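Asker: One structure, pasted below without further comment.
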Amino acid sequence: MARSKTAQPKHSLRKIAVVVATAVSGMSVYAQAAVEPKEDTITVTAAPAPQESAWGPAATIAARQSATGTKTDTPIQKVPQSISVVTAEEMALHQPKSVKEALSYTPGVSVGTRGASNTYDHLIIRGFAAEGQSQNNYLNGLKLQGNFYNDAVIDPYMLERAEIMRGPVSVLYGKSSPGGLLNMVSKRPTTEPLKEVQFKAGTDSLFQTGFDFSDSLDDDGVYSYRLTGLARSANAQQKGSEEQRYAIAPAFTWRPDDKTNFTFLSYFQNEPETGYYGWLPKEGTVEPLPNGKRLPTDFNEGAKNNTYSRNEKMVGYSFDHEFNDTFTVRQNLRFAENKTSQNSVYGYGVCSDPANAYSKQCAALAPADKGHYLARKYVVDDEKLQNFSVDTQLQSKFATGDIDHTLLTGVDFMRMRNDINAWFGYDDSVPLLNLYNPVNTDFDFNAKDPANSGPYRILNKQKQTGVYVQDQAQWDKVLVTLGGRYDWADQESLNRVAGTTDKRDDKQFTWRGGVNYLFDNGVTPYFSYSESFEPSSQVGKDGNIFAPSKGKQYEVGVKYVPEDRPIVVTGAVYNLTKTNNLMADPEGSFFSVEGGEIRARGVEIEAKAALSASVNVVGSYTYTDAEYTTDTTYKGNTPAQVPKHMASLWADYTFFDGPLSGLTLGTGGRYTGSSYGDPANSFKVGSYTVVDALVRYDLARVGMAGSNVALHVNNLFDREYVASCFNTYGCFWGAERQVVATATFRF
């Protein structure tokens with residue numbers, strides 16, 4: 001029996017009513033019992049199920065609430081921007097190894113930026129990636145601030161939901177990529193007992209075991225805990241690379257009454273090996289080598305002793321207190337420490353590639369051999385990043401006449417420090433690799449020849465303070481959302497080798513305005529304007545860090561979220577522009593200059609529906625028309641890794657009657673259109689379609705309620721494809737067929 005969160009005398013009657021209602025209807029409902037003394041009967045009236053929370057689980061694949069777009073618990077149809085939510089229920093259907101894999105059926109999101117590699121969750125949203133190598137990913141509303149190679153990742157098994165907000169978001173979050181962000185919500189303690197153990201085995205010698213335990217620590221539900229963890233070991237797709245991950249997430253909630261909630265959240269993850277993180281040339285992948293052959297999809301151009309490890313530690317809390325019907329205060333806080341270490345040899349294109357024009361090894365080859373010898377470089381890198389973030393909000397609900405307001409005021413602060421101790425090998429620092437007869441050997445990463453390599457020791461510091469205000473004002477069926485934010489963003493880079501320091505302090509105001517019209521039938525058209533800014537970490541030829549880029553977006557859309565059915569259908573048309581993009585110096589120096597512009601226009605459609613207890617459907621379509629509208633070199637071109645068309649469709653069916661009762665069958669397809677492989681648009685990466693499948697059996701039929709066994713297959717027909725390229729020397733094979741058997745037991 002579920003334990004109540006607070007001790008109230010009337011709960012005993014409610015518990016009796018639940019038992020009676022369950023016996024009568026065969027399904028659990030929340031109920032209230034009324035006993036009339038004149039009659040020897042009990043009248044049971046079913047009450048609505050508890051309302052979904054933006055910070056908690058959703059009952060189906062179609063989540064109806066989100067806090068990512070407003071920082072308040074808001075119905076999705078009331079947010080004047082596009083939001084997609086991948087619930088734990090949907091993740092359970094696919095059992096993804098990474099969060100980016102969990103987003104494979106989400107519109108507007110390119111997840112193939114690194115092909116089969118699971119080292120990072122790098123995404124391109126509406127044609128834009130985060131500045132540099134960093135991700136634009138958040139956990140519980142606070143940014144997982146990364147720097148250089150030091151980006152944190154969260155395992156999807158630890159999450160309640162993963163949400164994509166598309167378009168500029170600086171009005172709430174400060175510095176950000178104009179394309180949007182990923183916000184993940186951690187699993188939190190429950191007052192109902194949860195005991196889950198999971199086992200996985202599959203392709204590439206995958207073995208994983210996980211556990212998820214939660215319960216109240218007292219009869220009144222004041223104290224509760226959750227402990228989630230996993231251990232995973234697998235071979236990466238590329239020969240010689242491995243993936244190892246050990247993670248645990250202890251959480252504890254103190255809820256003294258129904259108006260106060262304090263939840264301690266933590267996450268500890270150790271990855272002795274993060275897998276493959278190299279790249280391959282277009283020759284042998286997109287195009288055949290001179291001998292007419294292509295490289296195998298498990299090809300690894302690195303050294304045999306390549307290593308790449310990461311360690312993450314995060315502790316923090318989420319606190320909220322409702323003073324009365326008007327005022328609620330919330331605060332999210334987290335301290336994180338991330339360490340990465342790598343010794344990596346990586347490819348840098350065949351010798352005939354202009355990128356290797358200064359290589360002496362390549363110059364010594366006969367012209368006929370330059371097309372099948374791969375130039376390589378290396379990096380030795382150790383980093384330690386510390387990040388502190390806190391976001392404090394005051395929510396005020398009140399009315400002015402006929403207008404209901406939800407006013408949010410807040411201030412957030414972020415401080416990041418990343419100490420980089422690296423050594424880079426340049427041209428000719430690693431022997432060439434014959435792609436006709438490749439022999440991977442160990443590499444001496446300690447040699448560090450100053451003739452062709454050098455140190456890179458940098459201490460990067462960043463700070464951001466932002467104050468913001470947002471009003472969600474509703475008059476009858478009209479909802480107006482208006483918000484503004486002012487940021488102070490400071491960055492400092494100390495070059496320990498040269499003994500120089502680069503600094504830049506930026507101040508920026510951004511705002512968003514939107515209007516929604518809420519029809520009674522669940523249809524909600526909307527219009528919005530939003531802005532973003534994103535500081536640069538690069539330095540110009542004058543020695544100064546560049547000014548931030550800025551984003552502006554106009555979006556028109558419609559959402560359909562009926563009150564009585566778990567269906568969410570959204571569609572949007574947008575025009576998004578990024579100004580002050582960096583571009584090549586027209587005077588021919590090796591430095592970039594400011595003043596570039598990229599524009600993206602697009603259409604996105606998404607549908608998520610639990611059409612019945614048996615049928616789930618997820619579908620999406622994306623059209624993205626991205627272009628360098630101002631650039632000294634690439635004007636009129638399309639950015640690399642941005643397909644014009646993407647589409648996906650998934651459906652699953654569960655049998656509840658007959659001999660197949662308890663069986664779930666599912667299948668889906670993901671289409672990615674062709675994309676350009678470099679900013680010069682000198683070649684294209686072909687389109688591809690992959691098919692996924694699911695077979696799952698509910699063990700309740702054999703007396704094990706809540707448990708199941710399943711077989712998940714991604715890329716069912718083992719389609720060979722190049723996921724994307726960012727340049728002529730940087731292409732990525734897509735994931736091969738993955739077959740994973742899963743056994744989940746609840747007791």
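Each position is counted from 1, following the chain as shown.
Heads up, the Cβ atoms here are built off N, Cα and C, so glycines get one too.
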Asker: Please indicate whether the topological domain of G202 in Swiss-Prot carries the same name as that of A705, placing both on the same side of the membrane.
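Answerer: A705 and G202, as annotated in Swiss-Prot, occupy opposite sides of the membrane (different topological domains).
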Asker: Labelled transmembrane segment by Swiss-Prot, one stretch among 181-189, 433-441, 478-486. Can you tell me which?
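Answerer: Checked against Swiss-Prot: transmembrane segment maps to 478-486.
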Asker: Looking at the ranges 350-358, 602-610, 728-736, which is given as transmembrane segment in Swiss-Prot?
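Answerer: Transmembrane segment, as annotated by Swiss-Prot, spans 602-610.
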Asker: Do any residues, 6 or more residues outside the transmembrane segment (327-335), come within under 8 Å Cβ-to-Cβ of it, and if so which ones?
Answerer: 139-142, 265, 314-321, 386-397
Asker: Within 10 Å of its Cβ, which one of these recorded positions (G347, P566) has the largest number of other Cβ atoms?
Answerer: G347
Asker: Can you tell me how the residues of the domain 'TBDR plug' (75-187) break down into helix, strand and coil by DSSP?
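Answerer: Counting residues per DSSP class in the domain 'TBDR plug' (75-187), I get 21 helix, 33 strand, 59 coil.
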Asker: Report, as a single number, how many Cβ atoms besides its own are within 10 Å of the Cβ of F148 (ferrichrome binding site).
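Answerer: So the Cβ neighbour count for F148 (ferrichrome binding site) comes to 19.
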Asker: Let me know the DSSP-derived helix, strand or coil state of F424 (ferrichrome binding site), please.
Answerer: strand
Asker: Using Cβ atoms only, which residues of the same chain lie under 8 Å from C725 (disulfide bond) while being at least 6 residues apart in sequence?
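Answerer: Residues satisfying the criterion: K282, T285, V286, A640, Q641, G677, D678, F683, V685, C731, F732.
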Asker: Which sequence-distant residues neighbour the topological domain 'Extracellular' (269-312)? Criterion: at least 6 residues beyond either end, Cβ under 8 Å.
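Answerer: Sequence-distant neighbours of the topological domain 'Extracellular' (269-312): 114, 116-120, 152-155, 236-248, 336-347, 349-350, 352-353, 368, 371-372, 374, 376, 378, 430, 433, 435-436, 438, 440-443, 445, 677, 683-686, 720, 722, 725-726, 728-734, 736.
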Asker: Indicate whether C362 (disulfide bond) is helix, strand or coil by DSSP.
Answerer: helix
Asker: On a C-alpha basis, identify the one among C351, C362, P566 that is nearest to R114 (ferrichrome binding site); the candidates are the recorded positions.
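Answerer: Among C351, C362, P566, C351.
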